[in-house]
């Protein structure tokens, strides 16, 4: 028994007597009813490959404009999936023609085709057949290269087997010839592709000599640092600028350390001068002015002022100038 699905437009829900009349003309055991607006809204999902016939009911007015406007792309795809292979999609009031249904393009893009009666049919392509592809052995074949000389190369045998249709038939596709670009004809193909040849390998370290490495690097003007600013090296510097800056910093630090070493005095080089000891000289230059201008440790404390350069004798009878 054929399974049938009736798609009802929303306007028929207000006319239950007409809907019952339509349902009475079909077997209730093999007929399902779904509202078109619920299918369009995604509230109802149609089972796949279940129905032999899907019929689109017309509106209350019999024009079918409401049902046609509700047939969107999603509804059409759901209907096609619900049809069995070879199933039909029909309309209650007629056929799908270009004047009555503006969605014929969507119907055909969904996979439906028109039959002789004007209805839409889901094609039955039958079970899927697996076509094995077998590669035959390589055999040398002679071909002509672009310079007119004959070369040999492999060809591929491809056998297509599709059961009774192509049983016993073998199709051979010849490949193009391969041109040998090697200078040594004694080398085999395996040696050529494996790289095991007698060609000398060039050491990359010998490409540049000392003279090349000693040449000055010409720096573009846009890369030169501005006047008064020191150029900074990149974080991942590879041009040698970072090493050169480190050497300059190291040399400047060593020079500063050497300057500090010359200014340091050893403990043996330090001596404390006690001006209270007789025979010592004052260094302030105010000794001749009197006690008011003399230092605390001046050896002339207590003596009257004297003229600069005048000979002065202390208690020890030492001459002080």
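Each residue, glycine too, has its Cβ placed from N, Cα and C.
Fair warning: this is a prediction, and the values are worked out from it, not measured in the lab.
Swiss-Prot lists motif 'Cx2C motif 2' for one of the ranges 295-298, 299-302, 303-306, 307-310, namely 295-298. According to Swiss-Prot, the feature motif 'Cx2C motif 1' maps to residues 284-287, out of the candidate ranges 284-287, 288-291, 312-315. The binding-site residues recorded for this entry are 287, 295, 298, and the Cα of 295 lies nearest to that of residue 234 ([2Fe-2S] cluster binding site). Across the region 'Fe-S binding site A' (223-239), the DSSP tally of helix, strand and coil residues reads 1 helix, 0 strand, 16 coil. Sequence-remote contacts of a segment are chain residues at least 6 beyond its ends whose Cβ falls under 8 Å from one of its Cβ atoms, and for the region 'Fe-S binding site A' (223-239) they are 217, 245. Neighbour density for residue 234 ([2Fe-2S] cluster binding site): within 10 A of its CB lie 9 other CB atoms from the protein chains shown.
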